[in-house]
Amino acid sequence: VSTMNAKTSSKGEEEASGLRNETLGESGFLGEAKRRQVIRVAYVIAALDLTFLFMQMGVMPYLAKSLGLDSVGFGYLQTTFGVLQLVGGYIFGRFADQFGARAALILSCVSGSVFFLLMSLSTSIPLLFLSRLPGVFMHGIPGAQKVITDMTTPSQRAGALGKLGFCFGVGIIAGSALGGVLSTKLGIYVPMYVGLVGSLINTLIAMVCIPSRTKPESDHHVTEHRPSQSDSLFSIREILRLMKFPGVMEVFIVKVFAGFPIGLFMIMFSIISMDFFGLEAVESGYLMSYFGVLQMVVQGLVVGKLSSHCTEMTLLRLSVFVFAGVGLGMALMRTVWHYCIIAVPLVFAFSMLATITDSILTKAVPSSDTGAMLGICASVQPLTRTVGPTIGGVLYKQFGVSSFGYLQLMVNLGLFIYLLKSKIPLGEMKS
């Protein structure tokens, strides 16, 4: 009788499990195979988006120069884009939380289409500045991160987010090469036409292949009825509320300051490569391709494996410590070959820091706020691009290239000591 009851109970559980799976499937909670497929689609969209973005970045200085924009004006143009991205990052994240990852990705792709359309029509400086406006909603990487965050369990998240670095490497290599070849062979506006068509294709891919619901029904229920959530897409109160969750403020401070000195260096890199390293434009392109390959290898192969064997706090401390060593190397480097050697730990630390902090911060807040948190994280680089030209210019002019290395060393040594002594709670927030 006991055996018969056990079999009956087991059969009943299997039937209930099948019924539950069917119900979850109808409500939008996808199976494992389908989730993997959607994550792959998000990788494709991110890789294409970055390819088109780097394609126009390589052509932009020449387009601006052909329209009569001097170096100061070009700096204003870059700052304008940085400010728009800074403001739009959090708004985009809140939009993703309220309307879903699919709607956010479609918004980013449509904004990219308008961006390239306006660039293809930019025959004067005012039109060129006007073409920057859609940049406020161009956030392909945060959109893909939102899809991946919704589709993965907390234990899978760091590895899945790390693979986005492979897409970044593809974007750097393919975008830089395509932009140079197309503009040289067919004209300076041809990359803009290609970006326009590509962004429209990305929009169709997002509409067809990304499901309208990427989280279980319970998560959407929490999102829609959580009384503390403001209806406004931009709310300082909401930002402060997210920063009050355990560990969020501490990890976010590390994220901002650990990479800030190297961010200043990268902003000034075009000038440093010419004046300090003595590189030609073609050689600078080769160096960027080298960075792209390193990015693909590190984030595609290394970050995911380490995240499955080490705790996130260990990896966070490791990235900050490596960053400090990179600072010492930058302070002592004299040739471009020194920089090529330093680039290996630099890319490792930069990739690890970005991936681990994004993973920690999205797990520290409710699932209904992951989009907003990713939007805040995405605003770090635009913030550096906004204030970086002024600070980086002063450092380079007054103290030389070694000043970036010493600043990197001092800041990250301080952060490493802070991480060793502080007890940052890394609790995982449930919906």
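Each Cβ is built from the backbone N, Cα and C atoms, and glycine gets one as well.
What TrEMBL records for 1-20 is region 'Disordered'.
Positions annotated as domain 'Major facilitator superfamily (MFS) profile' by TrEMBL: 35-426.
The transmembrane segment feature in TrEMBL is assigned to 41-63 (among others). Using a Cβ-Cβ cut-off under 8 Å and counting only residues 6 or more beyond its ends in the same chain, the transmembrane segment (41-63) has close neighbours at 74, 77, 105, 108-109, 112, 116, 119, 122, 128, 138, 140-141, 143-144, 147-148, 151, 163-164, 166-168, 170-172, 174-176, 178-180, 182-183, 188-189, 191-192, 194-195, 198-199, 201-202, 205-206, 209-210, 285.
The transmembrane segment annotation in TrEMBL covers 75-92 (among others). Beyond the transmembrane segment (75-92), the same-chain residues lying 6 or more positions past its ends with a Cβ under 8 Å from any Cβ of the stretch are 60, 64, 69, 104, 107-108, 128-129, 132-133, 135-139, 142-143, 233-234, 239, 371-372, 375-376, 378-379, 381-383, 385-386, 389.
The transmembrane segment annotation in TrEMBL covers 99-119 (among others).
Sequence annotations record features per position, and here TrEMBL assigns transmembrane segment to 164-182 (among others).
The transmembrane segment annotation in TrEMBL covers 188-210 (among others).
Annotation source TrEMBL lists transmembrane segment at 251-272 (among others).
For 284-303 (among others), the entry in TrEMBL reads transmembrane segment. Counting residues 6+ beyond its ends, the transmembrane segment (284-303) has Cβ neighbours under 8 Å at 58, 158-159, 162-166, 168-173, 176-177, 180, 270, 273-274, 336, 340, 343-344, 347-348, 351-352, 355 in the same chain.
The transmembrane segment annotation in TrEMBL covers 315-333 (among others).
What TrEMBL lists as transmembrane segment is 339-361 (among others).
Sequence-distant contacts of the transmembrane segment (401-420) (same chain, six or more residues past either end, CB-CB distance under 8 Å): 254, 257-258, 260-262, 264-265, 268, 272, 276, 313, 316-317, 320-321, 323-324, 326-333, 392, 395. Positions annotated as transmembrane segment by TrEMBL: 401-420 (among others).
Confidence annotation: the domain 'Major facilitator superfamily (MFS) profile' (35-426) carries a mean pLDDT of 81 in the model.
Sequence-distant contacts of the transmembrane segment (251-272), counting only residues of its own chain at least 6 positions beyond either end whose CB sits under 8 Å from a CB of the stretch, comprise 243, 284, 316, 319-320, 323, 326-327, 330, 346, 350, 353-354, 357, 360-361, 364, 376-377, 380-381, 383-385, 388-389, 391-393, 395-396, 401, 404, 407-408, 411-412, 415, 418-419, 424.
Across 164-182, 188-210, 315-333, stretch 188-210 shows the highest tally of CB pairs under 8 A with the transmembrane segment (99-119).
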